[in-house]
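Taking it in order: structure first as structure tokens, then the write-up.
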Amino acid sequence: MELCVALDLPSAKENLALAESLKAYNVWMKVGFRAYIRDGKPFIEALKAINPDFRIFLDLKLYDIPNTMADAAEEIAKLGVDMFNIHASAGAVAMKTVMERLSSYEKRPLVLAVTALTSFNEENFRMIYEKGIDEKAEQFARMSFENGLDGVVCSTFESRAIKNATSDDFLTLCPGIRPFGEDAGDQQRVATLELANEERVDFPVVGRPIYKDSDPKGKVEEILKLISTF
């Protein structure tokens, strides 16, 4: 299990200050929509300057026609990030096209597919997909696995079933982690680190419980200490 810290603060200055405070730890850093749209490639470079061993997850959730997604995936690969994601809803052709485009890279980033956003509850998910979260997430995961992706973004509650349906090596990255049972905020399907471990999560994503803590570095130390016991 490897910790992924969500850099979701309102400004580059705040996000970089958080990263600076964590530079002693070779954790993953999640860069999302707001940070990347606002701060772009220089922000990625600034993170790597703080700690070259930070691994960067670019959380842009690509969702478009296959060739457009593949074009974007190639540009992402050129940024030197370590992982990015696409929407599984884009379908098998899009997945295959993206992976074929990246096959020429000697060291390509990991590619994950988003199954069901953790902000969904069962009722709202069914209104869109006409199936339950568990069933559809597993279907999306099998499609992703069959088309050569490295893993999926899902909630902790789908992780074990997804690995059983695909492979133990098929990665699960799970937002909505409240390490010690902190407030859920706008997330619907949240879990503690202990549960994430039981459900074989590879990458727990933690944001607010870290950056809203009075001592973010201390919180990360607590989290890493707990992970080391698993």
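Just so you know, glycine gets a Cβ as well, placed from its N, Cα and C.
Feature annotation from Swiss-Prot assigns substrate binding site to D8, K30, 59-68, T118, R178, Q187, 207-208. Under the DSSP three-state reduction, L60 (substrate binding site) is assigned to strand. Spatially close to L60 (substrate binding site) yet at least six residues away along the chain are G32, F33, Y36, A72, I76, F84, N85, judged by Cβ distances under 8 angstroms.
K61 (active site, proton donor) counts 19 other C-beta atoms within 10 Å of its own C-beta, drawing on all protein chains shown. Annotation comment: Swiss-Prot describes K61 as active site, proton donor, evidence class sequence analysis.
Using a 10 Å Cβ-Cβ cutoff, T118 (substrate binding site) registers 26 neighbours.
Taking Cβ-Cβ distances under 8 Å and a sequence gap of 6 or more within the same chain, the neighbours of G207 (substrate binding site) are V5, A6, L7, D8, K30. Residues within less than 8 Å, Cβ to Cβ, of Y63 (substrate binding site) and separated from it by at least 6 positions along the same chain comprise M69, I86, H87, S89, A90.
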